[in-house]
Amino acid sequence: MERNFNNFLVKIFCLGDDGVGKSCVMNSYSSGGPLTSLFQGSELTWTDYTVSVTHNQKPLKLRLVIGDQNELRRIKQIEFNDVFLICFSVDSKASYDNIEKWNTEIRKILPTPNIILVGTKIDLRKEGGELKKSIVTQEMGIEKAKEINAIKYMECSTATYEGVKEVFDESINIYMTKKLYIQDLRKKSFLIPKKNTNKKSCKTQ
């Protein structure tokens, strides 16, 4: 029997320090291109939207939420399969140092969350063809992802669109894997025969 993917609402929460590009990442993905050509001179805002996408030739709805600690606490329906993007900018060591803070806030609400650590603004990593000083390297991102028990470390740039779609494709894959796993477990639980507690033992007369 083919599953009805139209009923799935994939929830992706985007967190991180101010200025790391959370709204830009959401806008770039929903628009399907780099922001340099699509949103020149416009002010980008994003809070909580639902968008329709096609993933692996299946129509899906995504709820994309940008939030802080208070926003997370207000959202009552956070589920086991929801995905959290902890974002930091590779040109901001301060935002990198605050990753642990965001990880802690998420785990206060959900002890075993699905986290992808995302390094943004990778187009700013090099200046004049040379690696900038005091920049967060890919190796540092990978190591930090291991420290916070993230599922994966990924990087992107909304100026070039590099890696943006891949971040959300991976988020959807994680969500769907967990969602279908839970559904299959529930189905199997109905198939397990229940023990007959009313069965009487045979007694010798």
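For all residues, glycine too, the Cβ spot is worked out from N, Cα and C.
Keep in mind the model is a prediction, meaning the values are calculated, not measured.
Residue ranges 39-47, 48-56, 93-101, 183-191 are listed, and Swiss-Prot annotates 39-47 among them as motif 'Effector region'. When Cβ atoms from all protein chains are considered, those within 10 Å of Gly16 (GTP binding site) total 25, not counting its own.
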